[in-house]
Amino acid sequence: MNYDVILIRYGELALKGKNRDQFEEALVKSVRNVLRSFFKVKVRRNYGRMYVELHGEDAYAVMERLKRVFGISSFSPTIQVDPDIETIKEKALELVRQLNPQPRTFRVVSRRADKRYPIQSMEVNRMVATHILRALPAISVDLHEPDTIVNVEIRTEGTYISCETIKGLGGLPVGVSGKVLLLLSGGIDSPVAGWMMLKRGVTLEAIHFHSYPFTSERALQKVRDLAHKLTKWGGTVRLHVVPFTEIQTAIREKCPEDYLITIMRRFMMRISERVAENTNAKALATGESLGQVASQTLESMDTINKVISIPILRPLVAMDKVDIVDISRQIDTYELSILPYEDCCTVFTPKNPVTRPKPRLAAKFEEVLDVEALVEDAVARTEIEEITTKPKETTTDLF
């Protein structure tokens, strides 16, 4: 079947009231961005609907791209026809005939958005269903759980018929919720956290703490590759690479071993807050899950939070590890995340880290460090890489 138009539906956007136009424009921008290599395609919107006019492009190739776009509730490949009822009946039958496998049951659902159309929706349903039943006596109507729903949308700009509905990612279009800075470690959790934040409509930048020579160039490349995976859903990611060796060395030499992770995380938050301020990010995001490791108890989170004022978003906080792993497989980050390259947290992990650190003790242990000087130096030497949607393409400059 040669489809004419892909009809895009968006559910949550319809609830946004006064901001509706802004949200719809952001979704149009996202759709145009993922379809930019389909030169014949045109994207337009009308109240409550968006249309991708194919002009001969492969409908299924286009729909594969649409599966990456947050903010889409569902979409359907459609044929556009004249509003003449006989034409509607014939084209609906043609669509049902080409389904493989053939459905055993069906239902017709028409929507008469153009109220000038002379036939009521219920009558359109009856006429189209009767025509299909006469031509295909092996199938029957089921109004409750049909194998196939034949959708007929009669609108002022055209009549659209479809038999397939593909579920979209849902969520909100990227860019409508402000900017968030993701702490990207290279493990399983943080890329999933980034993906979930993208689903809530944020623009994503990432920060990574690199401890060369304790961590290798391959560990940094793994993080670049994970950031590249996220560009599939959110576009270009600016990756801030922070030199962290001097800070970790100072902490290891001067602070109690059981508080190493806690103090190290407090430094990460201080640096991340500075970078967020410089990039106009309104929150940090981490891959922490409550109770998963020693540094992710409520007491640890509280002690770490004390040193900054910017919000910290933890989208995985109530998730089980198995659910996080499932998402990482779905978004194709799992195999990268389990590559055996150590990050800055794992190379300095103490044997018995404190699980219920006290903010007062953490602050006292930090008194032997020149906290402000260490933070300022790390921020000054941070490098930025632009991770684009193109394979493994990066550009580097100084922060």
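Backbone N, Cα and C define each Cβ position, glycine as well.
The structure displayed is predicted, hence computed values, not measured ones.
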Same-site ATP binder from ARG155, ARG265, ARG266, ARG274, given that Swiss-Prot records LEU183, LEU184, HIS208, PHE209, GLY287, GLN296: ARG265
Predicted model, mean pLDDT over the domain 'THUMP' (60-165): 95
Structural state of LEU183 (ATP binding site), classified by DSSP into three states: strand
Residues satisfying Cβ distance under 8 Å from HIS208 (ATP binding site), sequence separation of at least 6: LEU183, LEU184, SER185, GLY186, LEU220, VAL223, LEU239, HIS240, VAL241, VAL242
Proximal but sequence-remote residues of the same chain as GLN296 (ATP binding site) (Cβ under 8 Å, at least 6 apart): GLU288, SER289, LEU290
